[in-house]
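Record features (TrEMBL):
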DOMAIN    57-506  domain 'Major facilitator superfamily (MFS) profile'
REGION    1-29  region 'Disordered'
TRANSMEM  57-79  transmembrane segment
TRANSMEM  91-113  transmembrane segment
TRANSMEM  120-137  transmembrane segment
TRANSMEM  149-170  transmembrane segment
TRANSMEM  177-200  transmembrane segment
TRANSMEM  220-245  transmembrane segment
TRANSMEM  321-348  transmembrane segment
TRANSMEM  368-388  transmembrane segment
TRANSMEM  395-414  transmembrane segment
TRANSMEM  420-441  transmembrane segment
TRANSMEM  461-478  transmembrane segment
TRANSMEM  484-503  transmembrane segment
Amino acid sequence: MSSTKSPANEPTALGSIPADATPPESDSSLDTAYKAKADVLNRAIQDIGMGRYQWQLFVVIGFGWASDNLWPIVTSLILPPVSYEFHASKAPLLTLAQNIGLLVGAVFWGFGCDVFGRKWGFNLTIGITAVFGLIAAGSPNFGAACAFAALWSVGVGGNLPVDSAIFLEFLPGSHQWLLTVLSVDWAFAQLLATLVAWPLLGNMTCGSEEGCTRANNMGWRYFLIAMGGLAMIMFVVRFVFFTIFESPKYLMGKGRNAQAVDVVHEVARRNGQSSSLTQNDLDNFDEGESRGFTASNIVRQRLDKLRFEHIRALFDTPKRAYSTALIILVWAFIGLGFPLYNAFLPYIQQSRGIEFGDGSTYITYRNSLIIAAMGIPGCLLGGLLVELPRFGRKGALSSSTALTGVFLLASTTARTSNALLGWNCAYNFMSSLMYAVLYAYTPEIFLTKDRGTGNALTASANRIFGIMAPIVAMFANLNSAAPVYVSGALFIAAGILVILLPYESQGKASL
């Protein structure tokens, strides 16, 4: 597939280093050396092919995708019964606490994985989620429930920044489309959560705040035990039954060429293949003074980290700065638009269902299950659209984001419960497609050495704006169409911004 050039015939970020500015000579030589070594590693991984190790990684990385969607859905599903039992005057504070935790997790794990590597984040994030999710089931009051939601979300917030980086860095260029297909796990998690919630919350939940006690409202506690137990199983599978290797591109970016080569050979061995890659293949591109992992190199690297080298690198040329700023803005708009509606979807379904004459708890969670089921075909379609010629990642992302907003706005015209359900099904189908492409496209446009930081910046923008959603909800009337109008407009605006992004990553191996 031929690469698409910009009007100025400038290669995209995935094909080479942008040439729209002339950096200092030393920076330019380091950038050129990095690109050359990344090309060598890309060829080595492509020669090994998609084998046993990558398919196993595909499965366990899917746990991170699942967790990223499952736990915000958990919060939205338990919001009504938790607020009923504890007579919470400001129920959206539970969502606010969750979003603060998600922000902390995105910042810490996202930036951290470019400093101390991908392995620690990969192994610990789901474990943290499992522990605090299980503890939250015993919450004695609303404040404790909020605190534990924030703590489990510190783990959840780190999943995608870390997992997307490490998976992309082990994938052959010919299989980068699998990053989009991973979002099937994201959609399946929503389906699983609502499937478990339907009998538990539908039958063991107070119908209203009046007379609601712990004894007749145990559904949400059992639900947290089930979801926390599932997260613990995921953690055990990752930590005990799978060996994660540090990303060879991360190691190469840190000057640890010998270790990068060792990882490539071990992946080849596990795949039943062999690799001709040698340390000299990488060392040949290094300047003499930078070869080897010496004490002076370690000191210099630590000082570079203090100078925020990874953040500066995302803005080191006009085109790269424009791309980074724009993708951050896209994530920010979606970060406010998605939770502003999705986090309160069960509440909206129930309150409008009462208005339409069928707002029972059982019907509310049944409808949530139907809506969740639409996410799986949306993700699968996303995996196909991103590979279409002349459509690619940008076309799929722009159209799905804008249509998500359109379906949200259309839902305000519903005059029956079934009509509202239909529009919400269309919304979830399209938003799942959108996220499938967004999660794949974003890490592809960042260089490996700065990918964790780029993922952290976009995820942080998403979480910061997500924090605003429950604040808006507390001061806006969730029974009115106002939050829906705001959410729909934000999605449409984000879809327009995607068109302006300068990079199309279709058909290019990531650097």
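Just so you know, glycine gets a Cβ as well, placed from its N, Cα and C.
The model shown is predicted, which means the values in this text are computed figures rather than measured ones.
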_Could you tell me the mean pLDDT the prediction assigns to the domain 'Major facilitator superfamily (MFS) profile' (57-506)?_
83
*What else in the chain is close to the transmembrane segment (120-137), if you only count residues 6 or more beyond its ends and a Cβ gap under 8 Å?*
63-64, 67, 71, 74, 105, 109, 112-113, 144-145, 148-149, 151-156, 158-159, 161-163, 166, 221-222, 224-225, 227-229, 231-232, 234-235, 238-239, 244
*To the transmembrane segment (149-170), which of 57-79, 368-388, 420-441, 461-478, 484-503 is linked by the most Cβ pairs under 8 Å?*
57-79
*Counting only pairs at least 6 apart in sequence, do the transmembrane segment (484-503) and the transmembrane segment (420-441) share 3+ Cβ pairs under 8 Å?*
no
*Please work out whether the transmembrane segment (420-441) lies in contact with the transmembrane segment (91-113), by counting C-beta pairs under 8 angstroms that are 6 or more apart in sequence and asking whether there are at least 3.*
no
*Compare 91-113, 177-200, 395-414, 461-478 by their Cβ pairs under 8 Å to the transmembrane segment (368-388) and return the stretch that comes out on top.*
177-200
_Cβ pairs under 8 Å only, please: of the recorded stretches 91-113, 177-200, 395-414, which one is richest in them relative to the transmembrane segment (461-478)?_
91-113
*Could you give the residue numbers and ranges of same-chain residues that sit at least 6 residues beyond the transmembrane segment (395-414) on either side and whose C-beta is under 8 angstroms from one of its C-beta atoms?*
330, 334, 337, 341, 352, 382, 385-386, 388, 420, 422-424, 426-427, 430-431, 433-434, 437-438, 441, 481, 484-485, 487-496, 498-499
*Six or more residues out from either end of the transmembrane segment (177-200), which same-chain residues have a Cβ under 8 Å from its Cβ atoms?*
58, 61-63, 65-70, 73-74, 77, 164, 167-168, 171, 219-220, 222-223, 226-227, 230, 362, 365-366, 368-369, 371-373, 375-376, 378-380, 382-383, 386-387, 428, 432, 435-437, 439-440, 443-444
